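Here's what TrEMBL has on this protein:
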COILED    252-279  coiled coil
COILED    417-451  coiled coil
COILED    617-644  coiled coil
DOMAIN    4-122  domain 'Calponin-homology (CH)'
DOMAIN    131-237  domain 'Calponin-homology (CH)'
DOMAIN    699-734  domain 'EF-hand'
DOMAIN    735-770  domain 'EF-hand'
Amino acid sequence: MHGKGEPHLLGPWLLGHPASPLLTGHLRWSTHICSCNAVDTDGLSVVFVFSHFSNSAPTLGERLPKPDKGKMRFHKIANVNKALDFICSKGVKLVSIGAEEIVDGNVKMTLGMIWTIILRFAIQDISVEETSAKEGLLLWCQRKTAPYRNVNVQNFHISWKDGLALCALIHRHRPDLIDYSKLRKDDPIGNLNTAFEVAEKFLDIPKMLDAEDIVNTPKPDEKAIMTYVSCFYHAFAGAEQAETAANRICKVLAVNQENEKLMEEYEKLASELLEWIRRTIPWLENRVSEQTMRAMQQKLEDFRDYRRVHKPPRVQEKCQLEINFNTLQTKLRLSNRPAFMPSEGKMVSDIANAWKGLEQVEKGYEEWLLTEIRRLERVDHLAEKFKQKCSMHEAWTAGKEDLLSQKDYETASLMEIRALMRKHEAFESDLAAHQDRVEQIAAIAQELNELDYHDAASVNARCQGICDQWDNLGTLTQKRRDALERVEKLWETIDQLYLEFAKRAAPFNNWMDGAMEDLQDMFIVHSIEEIQSLITAHDQFKATLPEADKERVATLGIHNEILKIAQTYGIKLSGINPYTTITSQDITTKWDTVETKCSRRRWPDSSHVSVDISGSLEEQMNSLKQYEQNIINYKSNIDKLEGDHQLSQESLIFDNKHTNYSMEHIRVGWEQLLTTIARTINEVENQILTRDAKGISQEQLNEFRASFNHFDRKRNGMMDPDDFRACLISMGYDLGEVEFARIMTLVDANNTGVVTFQAFIDFMTRETAETDTAEQVMASFRILASDKNYITVDELRRELPPEQAEYCISRMTRYIGADGPSGALDYISFSSALYGESDL
């Protein structure tokens, strides 16, 4: 930026002044920025310092005001004023900095101007104010360097003196640039120079600090180091976004690849099974009888070999095929993919129909073989077979009539009734399966009669007894089904009433809890007007009690309806509502308490109780419950205080000079303590539900809680927008004004001006939940494509693992658009196709 024969504009500022890290850093940065420009007139250097940070600042070729040619003081002042005016026109406020100070070499003013530019474009955009930016940047550094040995970032001065923190930041994001394991804490200058050189060479971050200055200074300049570290924040923010996008795409592609593999396996197994059925049916349909008994017995042996050896593996294949099909459909549904439609003729129903046809032919084949063997073996074989089948059937039916006559459903619960119904359905299936055996017994008896069997009378009597018993089993089975269905419907009605009671009891119970809490709040008043205001509010609350009483009556009416049904139909209730722990007695008791407190309300001052715990959510829950038990155990002390208080009053002692607390303070504090611990337990329970439902880890929840607590400056469970923005920045978000405004509409939909912990948790779980949609995949590809509407093969291979990259390349269509180069790919249609109909 200096012409031939002219000293650098910043050179004279250093003459006679000791060099500090901040001054040296600003000079080096300014020199780095200005080294590629040449301006003949003093004063324009500051314009190019500004141009490094602002997208709207002048670039090479932008026309600046024409400088004055003279070398007099007023020429230099005029030129510097032109530069300062240009900087101010770009939105940089330069307070108390004039051209005269710069021309006269005022180091403090000039460095202040440079710091203003740096702050405006390198640091301030991290947050809305410098304080939030500093805290957010510090917390970001702490989180990134936490896993590294010998690194403990607590500030922006001495924490960076040994150079390990800077090396850890680089290694965390670019492990290929630094071998952290070879660094030594006792070599701070070597560590710092390594970080400076790598940052300048590979990350385009200028070397603005001097290693010796930092090491030899007891407390390095905080602004200089914070300025330098902010460059790493901006350098790595985009890389983390790209990494997150690539991970999301890999996850989606892995789901699709797995689903396609399952589809191909299904098609293959279905084809093989159908082909086996097609080959087997003609063999079973061949009914050409052999002329010898030995040949017919060989046919029977072949068939039995088929049943024992050849068919069982196919039965397993059919079962596994149905399981695989259902599993695949479930995976597709859970991953927001459409249902799988197999090729024509290979549906599960097609396989089931083919299998049914096989079994029908198989059954007929077996009957034909047995008929031929019976024909050859004549009557004796038929008689023996008749006895055998009768014995098997009678063994199976033994005790069945007694079981069907049981009335065990009269004392069963809904779940037990449903279990009995499933058991009965299984019995009905078993009964239907034995129908064939009964028919065979009757057929054998008929044939024995036709062959004039000598003991036909006993055969007929036994056959008639089996048929009569079978009819009776059918009648008893239907009667038991009718009874089970009737009781099940009654229980379903009761279950629905249980659910309705739970839905109405919960909000009403919460209202009563809130009412009791409000009624026992303490207040401090200083005027009659304040007392009157409290009385008015209390009267308004009392006016809502009739409507609340209607809700109480309606809720208790549901419970009474349950009792009425049970009494009318003789159903024994367990007394436990499966949907809520709230009982009708709880509602009645709390209502009585609300009415009592409402009529006896006092106005003491309020106090605040909080519980602070740590550890996993389950550990927190155990600690809270132990804490709650300890509080309950302490009740004896409260009772003793009540006794002492009563004795004091009976002795006409009303003032205690040793304490400002009254018994009323203690009572209210005790009740608030119990309420607080109960609410805290509920909050932890809700966090466990959120963690399990959203699929986020315990570590993530702990991280969210720690970040929230850090920026909850008032310790009231809320953050204001500025603190919320600093919190997001500390967690790695690189926010612009538009994006932050969008996030605020999500976490503060009612425009209250604060962000609650629950709203913060909901937002973070949405950000980290393991779900994916076509729009999210498109957004991820857009990040990898640097915001273009297309992506190139080189970009895919650079950003994704080889297998995932080739998968995309082989399936993406060519991009159709004038703005795309040859070979560009259309990731938008590909993302939509990932959630579209399968080609299989």
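Residue numbering: from 1, along the chain as shown.
In case you wondered, yes, glycine gets a Cβ from its N, Cα and C as well.
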**Report entry** Long-range Cβ neighbours of the coiled coil (617-644) (under 8 Å; 6 or more residues past either end)
**Finding:** 611, 663, 666-667, 670, 673-674, 677-678, 680-681, 684-685, 687-688, 691, 698, 701
Query raised in the report: By a Cβ-Cβ criterion of under 8 Å, what residues six or more beyond either terminus of the coiled coil (252-279) are in contact with it?
Result: 314, 317-318, 320-321, 324-325, 327-328, 331-332, 335, 337, 340, 342-343, 345-346, 350-351, 354-355, 357-358, 772, 777, 804, 807-808, 834, 838, 840
Requested in this report: With a Cβ cut-off under 8 Å, give me the same-chain residues at least six positions beyond the ends of the domain 'EF-hand' (735-770) that come close to it.
Outcome: 251, 686-687, 690, 694-696, 700-701, 704-705, 708, 712, 717-721, 724-725, 727-729
Requested in this report: Please list, for the domain 'Calponin-homology (CH)' (131-237), how many residues fall into helix, strand and coil according to DSSP.
Outcome: 68 helix, 0 strand, 39 coil
**Report entry** Residue counts (helix, strand, coil, in that order) that DSSP gives for the domain 'EF-hand' (735-770)
**Finding:** 23 helix, 2 strand, 11 coil
